[in-house]
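S.K.: Pasting in a structure now, in structure tokens, and then I'll have a few things to ask.
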């Protein structure tokens with residue numbers, strides 16, 4: 001089984017190391033040796049430190065993919081182009097592909113899946129979500145006899161590290177992000193993580209598998225964690241909650257649509273996801289028959305990602321030797337993705353109000369006008385001012401956000417000092 | 001795809017319900033409808049309440065398995081015989097088998113695997129360990145490119161419920177077991193759970209998958225939780241630990257053997273397994289590249305177990321339609337299973353001693369004579385008596401237990417009031 005590797009950064013280097021260190025085990029598990037026949041990198045002349053035969057390196061990825069002596073292609077370059085062209089060429093030539101490329105899968109996975117199906121070959125991508133945590137295989141296979149209701153994931157290590165620090169040390173967002181950068185948990189430009197793009201791509205991939213429906217990153221509602229304040233974290237704490245950046249894929253209870261979104265949310269401290277600290281990832285799945293499941297581990301890093309890639313390599317190599325194909329894309333359900341306004345959520349709202357008779361009645365009236373039911377309210381007086389903390393029952397997001405808009409202009413309301421969605425409770 | 005179901009108790013009934021409720025989804029996922037053509041039960045005339053066509057029921061399981069119109073066999077009867085004969089007959093006839101039968105797999109799985117391989121058909125058993133928690137597939141496939149170091153599992157809901165209650169309420173073992181029985185978490189005869197037989201079967205199955213080595217329940221060292229006392233729990237708490245009934249499958253660091261065992265152990269409260277409460281199950285996996293992973297969920301019950309069975313049914317039905325076979329048994333490594341005496345563990349030892357000069361030196365001498373290094377010691381005086389709490393560094397279990405034997409006869413030692421292994425820390 002002759003393998004081409006596209007990309008040789010942190011993950012690629014670890015793949016090369018594992019292919020060598022575990023060569024005997026891998027050969028026994030696959031049924032024949034795995035041989036690395038070429039590695040495509042942008043600047044082969046720059047690759048020096050690695051203890052790898054320099055003759056393997058090439059700058060011509062397309063040529064490497066097309067070589068007759070390549071049976072299987074691993075891609076860890078990332079990004080849409082040129083990875084997309086290389087992988088389409090591999091699949092069209094009937095060569096199975098193992099990729100960690102979440103951005104490509106979330107933007108144009110359909111083209112890859114179609115090419116794999118047309119050629120009767122495999123497209124595996126366990127490493128695209130949650131590093132080494134098995135998620136794709138459980139969603140695609142283990143839960144194939146069940147109906148998934150909801151997937152709640154902490155799928156970005158950078159944002160979870162930042163929010164964990166804010167929660168545990170009282171740090172501000174800026175301080176916590178600086179610490180994440182210093183410790184190597186945040187990139188020099190952290191915007192793909194902080195603004196939720198990374199998590200949105202993973203949410204699209206998980207939603208597709210959970211609901212047998214094509215979902216792209218453009219279908220995903222997205223709010224980053226840049227506006228989360230120390231006051232939000234403190235407010236969550238008072239509610240017995242913590243703030244997490246969640247990727248949510250959910251089947252609507254009353255319509256036959258799904259909701260896919262990424263945003264900060266309060267979850268109860270007793271929820272299993274609340275204990276997922278620092279850069280760890282975890283995905284919590286609720287299915288009709290299986291009940292509640294959680295998958296936990298290191299969501300990133302060279303070695304964990306390489307482990308996931310090689311698990312897939314063993315599977316597709318076995319398939320290729322046996323002349324068969326693993327499970328392909330499943331998108332028969334084709335459920336509509338609901339706009340965020342129609343998605344049912346709950347809000348936690350913190351108001352600064354004047355401490356005068358009638359303010360609560362005014363505020364409650366705004367909720368009632370939008371048909372939003374209040375679950376709990378707490379008022380704390382502070383001289384002339386008071387703070388009012390309200391938690392709603394579930395309501396369409398459009399009604400909730402319209403309520404908040406109305407509150408901003410209400411006499412007696414000095415400021416809406418905090419608004420956050422609440423997840424992880426009973427529907 | 002025509003299915004025979006052997007057994008129609010709590011799990012079987014739920015399988016029938018899901019086959020009907022999810023019929024459209026299952027057909028779309030498999031590629032053709034799943035049709036239940038027969039259900040074998042011991043006394044068909046007793047099955048009344050179920051909303052199932054009575055013509056499906058038969059007492060002749062062997063005859064049902066042999067029928068020409070049966071393509072796939074599900075077994076949820078449990079026990080060794082006659083299930084073994086039925087499943088061997090099915091596999092020999094080339095009919096794929098999905099089973100939840102941990103006892104059979106752990107005692108004579110080799111015969112089933114050999115029959116499946118000889119006939120080129122599938123033997124799937126995700127439901128045998130951890131109910132709906134995907135464990136078999138991640139160990140068998142997702143980690144196939146990695147080297148597993150250790151598997152630590154809470155795989156028995158009854159014992160975890162009992163130990164959770166002892167920890168959280170200070171209840172005695174007897175009180176906690178009575179509560180488990182009253183709430184339906186313990187069977188009328190709870191000995192298979194309390195004495196560790198159920199967990200030992202699951203440990204054997206997990207060890208086989210993790211280490212590519214045939215392991216039977218007879219290879220598993222086993223201690224139940226019947227002797228765990230409230231004092232043990234309190235002692236664990238003082239150490240920042242909790243007591244869990246663990247299934248451990250571990251690769252020895254210095255020899256090329258594996259250790260497979262089931263026993264109560266102290267684990268640090270900060271360990272992810274420590275937070276697994278009541279009847280929930282979780283399995284913690286440490287692999288060289290993947291790092292630490294945890295899988296969590298409901299480990300038993302009709303619906304979760306049926307979910308796991310149906311996930312397997314979808315997979316083997318797809319395979320059968322495509323004329324292929326999923327991954328089979330992997331036992332190439334054939335590592336030796338070490339006897340418990342050669343397994344390296346750590347002990348927590350609690351002694352009642354006379355409070356006289358020289359007692360600590362005498363006790364420390366006993367440890368030294370067996371070449372066991374002491375990690376920490378704490379002495380609390382109480383009038384003429386004192387308690388001495390020692391935690392060891394890792395040492396061969398035989399040396400540790402010989403040390404404890406010597407302590408029992410030592411002048412100045414009134415009693416060895418508690419001995420428990422410690423897991424979940426650094427090696």
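Cβ from N, Cα, C; glycine included.
Pasting the relevant annotations from TrEMBL:
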- A:6, A:7, A:8, A:9, A:10, A:11, A:12, A:13: NADP(+) binding site (BINDING)
- A:102: NADPH binding site (BINDING)
- A:187: L-homoserine binding site (BINDING)
- A:202: active site, proton donor (ACT_SITE)
- A:348-421: domain 'ACT' (DOMAIN)
S.K.: Note the Cβ centroid of A:6, A:7, A:8, A:9, A:10, A:11, A:12, A:13, the recorded NADP(+) site, then list each other residue of that chain whose Cβ lies within 8 Å of it, in sequence.
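M.R.: Apart from A:6, A:7, A:8, A:9, A:10, A:11, A:12, A:13, the close residues are A:5, A:14, A:15, A:41, A:76, A:77.
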S.K.: Fewest other Cβ atoms within 10 Å: which of the binding-site residues A:6, A:8, A:10, A:11 wins that one? Let me know.
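M.R.: Among the binding-site residues A:6, A:8, A:10, A:11, the lowest count of other Cβ atoms within 10 Å belongs to A:10.
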S.K.: Could you tell me which three-state DSSP class residue A:187 (L-homoserine binding site) falls into?
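M.R.: Residue A:187 (L-homoserine binding site) sits in coil per DSSP, no helix or strand.
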S.K.: If you count Cβ atoms within 10 Å of the Cβ of residue A:102 (NADPH binding site), leaving out that atom itself, what do you get?
M.R.: 25
S.K.: Given the binding-site residues A:6, A:8, A:10, A:12, A:13, A:187, tell me which ones have a C-alpha lying within 10 Å of the C-alpha of residue A:102 (NADPH binding site).
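M.R.: Hits: none.
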S.K.: Least buried of the recorded positions A:7, A:12, A:13, A:187, A:202, going by other Cβ atoms within 10 Å?
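M.R.: Each of the recorded positions A:7, A:12, A:13, A:187, A:202 was scored by Cβ atoms within 10 Å; lowest is A:187.
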S.K.: Can you break down the domain 'ACT' (A:348-421) into helix, strand and coil residue counts using DSSP?
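M.R.: The domain 'ACT' (A:348-421) comes out at 23 helix, 35 strand, 16 coil.
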S.K.: C-alpha of residue A:12 (NADP(+) binding site) to C-alpha of residue A:187 (L-homoserine binding site): distance in Å?
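M.R.: With distance taken Cα to Cα, residue A:187 (L-homoserine binding site) is 18 Å from residue A:12 (NADP(+) binding site).
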S.K.: Would you mind giving the whole-number mean pLDDT across the domain 'ACT' (A:348-421)?
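M.R.: Mean pLDDT, the domain 'ACT' (A:348-421): 92.
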S.K.: Rounded to an integer, what is the Cα-Cα distance in Å between residue A:8 (NADP(+) binding site) and the residue listed as 'active site, proton donor'?
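M.R.: Cα-Cα, rounded: 22 Å.
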S.K.: Could you say whether, by DSSP, residue A:9 (NADP(+) binding site) belongs to a helix, a strand or a coil region?
M.R.: coil
